Amino acid sequence: MLQEGAHGKWTISSSDESAEENSDSEKPCTSSISDAACGTTSGPQYPCSEARKAAHKRKASPLKLTDKSLSTETPPAVKQRPSQEGSGWCLSSSDEEPEDEQKHAHREPVKEEKYGAPKEHPLNLCKDDKLSDNLKEEEYNETSSQAQDIWDLVNGGNPFRFFLTKVSGIEQSYNSGALHIKDILSPLFGTLISSAQFNYCIDVGWLVRQYPQEFRKKPLLIVHGEKRESKAELMAQARPYENISFCQAKLDIAFGTHHTKMMLLLYEEGLRVVIHTSNLIAEDWHQKTQGMWLSPLYPRLPNGASGSAGESATNFKSDLISYLTAYSSPALKEWINLIQEHDLSETRVYLLGSTPGRYQGSDKEKWGHLRLRKLLKEHVLSIPAQESWPLVGQFSSIGSMGADGSKWLCSEFQESLEAAGSSVTTFRKCDVPIHLVYPTVNNVRQSLEGYPAGGSLPYSIQTAQKQLWLHSYFHKWSAEVTGRTHAIPHIKTYMRLSPDFQKIAWFLVTSANLSKAAWGALEKNGSQLMIRSYELGVLFLPSAFGLDKGYFHVGRKKLPEGKDSATYFPVPYDLPPEQYGSKDQPWIWNIPYTDAPDTHGNMWVPS
């Protein structure tokens, strides 16, 4: 919980405020980015959040704990003020609402340019020991035996087709059964004809290098949400590549982002869909906990097949086409037609998306948390002693939740997550236990990346200090079960578990963080759902895997082989989650941490 700590009490001047919390808390800055010269600190060569830019800066210019010149310095964006009894973390009375902050972000881009950081890949520019981590990120090359393992993995006994990404720096056995982006794009998975990459933060040069040499000139469509200067930067990145085209996702509602992370891969042998949680930048595939669902290889339907052919029991094909249609983009029409021509009947997951808009009537249940509510009511068995089955939400960013739980979290959002069967039981406010898993300052400090890992956890002090009530729900990140306790999570997962944490009623992996922008918020007395952002995830339900008892078992380190494997779901972190202790604080990216060094001996001063 936020409280007075070793940093004292801080106030943030309005001119330096972040404008992130109203969207997904990962809103990119649209300021222009200059090239990095050797030994200087300038921004990454792709649009990204202020939090990520701060992480780039600290990676390039680390502040050692012994650096006397900085030990007593107040960061420029943060002013210390005298202690006030019981005030905790607080802002001065001049501080503005998030809406105003966003307007300032557009009116005064110069203020935000000062958060420069090193270029993501300055490998051609200079040989600098500080940048050796980037070299490591580029060096993923599989051996032939690893390639065979990957082939067996994807085509063998993983009925859920749910995978984590490989993590550098952990015991190698924990990467068995995990995938790097180069594995996904490998010729082993198919002979690529063309592909589409839907994402939020994209380093075009790096992305191209993840494709095998023989596929690098195949048509590639990049679906993004950039506007203005950041759109121009994205286009500039792609100028050397004649095979790349773009689709700009419409974001007509303020503070929305194109946060969906999906790959569509068309092969000579068929079609594959990958729905995942990683940005298309090196650091997201290096030392973070990320997840993905990898579809089977979908074969092409015979010529003349009916329009409804190739549908799955989960309605995945028509739901995917509906999602793509929501972009209203001619560039996606070709992909909609291709999906129509393939057999997706083997799919066993449900698609759960968000698209920006204000929805009424039956459209309300097409997207966001009301879509989850509908699926759970239709396909999940009613749970005995239902109110004692906890909800777990795990995420990497947090939006503004309101003055208390009744405003959204413990009302409409909880009602959707606790839906099951046709039951209309509504429990009193937060009767169902809610466990929210979000990294502590110590989780970040002790991580493989050290403090810069916090650049992908953009929870700001402006948002946090308005919702101290939320922090009583927080639980630490711990993933001994997958060897990833020190790989900071960028994955987002939600599930409903039995009171002993041994059974799972449902499991969702998604791009959606804990925010109204991602999940939607009811308006007009509940008659309208308003969603700001694009999000995408897949829902695993026991009924779709032939389990009539209504639950999965929580998977162990060694999953059973054979026919029972579909009963054990591989949750990627430790259960039950451990609640924050009295000294634990949630990671907040835009305040300094100078009392204890991270795993690289550095401090965190974000500005």
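We number each residue from 1, going along the chain as drawn.
Cβ atoms are placed via backbone N, Cα and C, with glycine included.
Model, not experiment: these values are computed from the prediction.
Sequence annotations record features per position, and here TrEMBL assigns region 'Disordered' to 1-128.
As annotated by TrEMBL, compositional bias 'Polar residues' applies to 28-44 (among others).
According to TrEMBL, the feature compositional bias 'Polar residues' maps to 81-93 (among others).
What TrEMBL records for 101-128 is compositional bias 'Basic and acidic residues'.
Annotation source TrEMBL lists active site, nucleophile at His259.
Every protein chain shown contributes to the tally, and the Cβ of Lys492 (substrate binding site) ends up with 24 other Cβ atoms within 10 Å. Residues or ranges marked as substrate binding site in TrEMBL: Lys261, Lys492.
The annotation active site, proton donor/acceptor is assigned in TrEMBL to His490. Long-range Cβ contacts of His490 (active site, proton donor/acceptor) within its own chain (separation 6+, distance under 8 Å): Thr277, Ser278, Asn279, Asp284, Lys288, Thr289, Gln290, Ser396, Ser456.
Around Ser515 (site 'Interaction with DNA'), a 10 Å sphere centred on its CB holds 29 further CB atoms from the protein chains shown. Taken from TrEMBL, the feature site 'Interaction with DNA' applies to Ser515.
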> Among the recorded positions His259, Lys261, which residue has its Cβ surrounded by the fewest other Cβ atoms within 10 Å?
Replying inline: Lys261
> In Å, rounded, how far does the Cα of His259 (active site, nucleophile) sit from the Cα of Lys492 (substrate binding site)?
Replying inline: 12
> From the Cα of Ser515 (site 'Interaction with DNA') across to the Cα of Lys492 (substrate binding site), what is the distance in angstrom?
Replying inline: 12
